[in-house]
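A.B. asks: Below: one structure in structure tokens.
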Amino acid sequence: MEVNNGDGVGNSNMSRKVIDEEKSTVVIPETAHQISSDSWFQVGFVLTTGINSAYVLGYSGTIMVPLGWIPGVIGLIIATAISLYANSLVAKLHEFGGRRHIRYRDLAGFIYGRKAYSITWALQYVNLFMINTGYIILAGSALKAFYVLFSDDQVMKLPYCIAISGFVCALFGISIPHLSALRLWLGVSTVLSLIYIVVAFVLSVKDGIEAPSRDYNIPGTTTSKIFTTIGASANLVFAFNTGMLPEIQATIKQPVVSNMMKALYFQFTAGVLPMYAVTFIGYWAYGSSTSTYLLSSVNGPVWVKGLANISAFLQTVIALHIFASPMYEYLDTKFGIKGSPFATRNLSFRIGVRGGYLTINTLVAALLPFLGDFMSLTGAISTFPLTFILANHMYLKAKHNKLTSLQKLWHWLNVCFFSLMSIAALVSALRLIAVHSKTYSVFADI
């Protein structure tokens, strides 16, 4: 089992090797980042930061509008329950086989072998790349919304705001060496989240009371409703899942399984309440006309809306760092970036590599700034496979001899159902992106 030696690096002298049943070897390098250093409460706040990021300002429009009241409310509750269940399966496998599996791909490689290690890493990379791209779109949208409150000259277009957002995210990523170093920033993120959630909630309630009756009918033709409903189901699972639970669990103090379960219970109880509140109230206030960025729909004092938008922008910068950290950890470990984070070599490396990575994210975000579609596509091609399909099948394989026939059937049903959902959501998301790409040009100012 890996033990942290105080400087963030495991005390094994060489890289670990995992042998699968066919005797092929998966080499798992030690990490250059800190592990086993954070309390379950801090990890719970990391998870809650993700779930209550500025993405919550889009769920009224991307989940409730396509689904309507009854399916939307029931869907969110069910998505909460199944997400907690799926994440708990992964958390319980963290020390499977007497080893710490500090990365998702390490766990998959240990259970399945080399090919699964590579496939899981590819899926996770795509998942995190798309989440980060979405965050930059979101930060750009918040920055543009802030700008138009004070100027109507149309000079500051969305692609420019996205470029500025990417630059700020890069500066933050260069300054914060690893996930555990976010300590103080998690508190800042919580305050920022409360600001935009409270403002969105209060102004939505005010608008809802003053507005005439709203239209809650699901918009679109019969065909488009089918595709948007499927896309919204992908958004449901996107809302609750990170696709990087082992990486987050790697930072938690021993005992890692029981402490991680505490963090997950915190995330899926107290942590989801702000998200529920702003999602339901936003839809109640504006009905089927709700924007995919709720602060664009609310009415109120300019300074209050400005404060909320700038808070959403800044919180997004912090939240993006969480979802970029697995890529940062991989690169830092691969190139031996250890010691003082502000040593010349280490700082230069972060400027070049992290700056380059986020430049690519920013370019994609500006090229196709369709936030709701990115959420659907991410849910389809990575959240469903990583969080539900792989989690159930890994648990089934790892605990095969300890499960009853009924339990095995249950896990197989989950694997099959979420596989079908993943395929359907992928088709829906690609269709939505194709439709929007015809409506808008690249580098659109939405």
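Keep in mind that glycine also has a Cβ here, set from the backbone N, Cα and C atoms.
Copying in the features that TrEMBL gives for the protein in this structure:
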type	residues	note
DOMAIN	38-429	domain 'Amino acid transporter transmembrane'
TRANSMEM	63-86	transmembrane segment
TRANSMEM	129-150	transmembrane segment
TRANSMEM	157-176	transmembrane segment
TRANSMEM	182-205	transmembrane segment
TRANSMEM	263-286	transmembrane segment
TRANSMEM	306-331	transmembrane segment
TRANSMEM	351-368	transmembrane segment
TRANSMEM	374-391	transmembrane segment
TRANSMEM	412-434	transmembrane segment
A.B. asks: So which of 182-205, 263-286, 351-368, 412-434 is most in touch with the transmembrane segment (63-86), counting Cβ pairs under 8 Å?
C.D. replies: 263-286
A.B. asks: Let me spell it out: take the transmembrane segment (306-331), skip the flanking residues so only those 6+ beyond its ends count, and list any with a Cβ under 8 Å from a Cβ in it.
C.D. replies: 31-33, 46, 49-50, 53-54, 57, 103-104, 124-125, 128-129, 131-132, 135-136, 138-139, 142-143, 145-146, 149-150, 165, 168-169, 172-173, 176, 178-179, 182, 185-186, 188-189, 192-193, 195-196, 199-200, 242, 244, 247-248, 295, 337, 350, 353-354, 357-358
A.B. asks: Given a Cβ distance threshold of under 8 angstroms, which distant residues of the chain, six or more beyond its ends, lie next to the transmembrane segment (351-368)?
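C.D. replies: Same-chain contacts beyond the flanks: 129, 132-134, 136-137, 140, 158-159, 162-163, 165-167, 169-170, 173-174, 324, 327-328, 331, 335, 374, 433, 437, 442-443.
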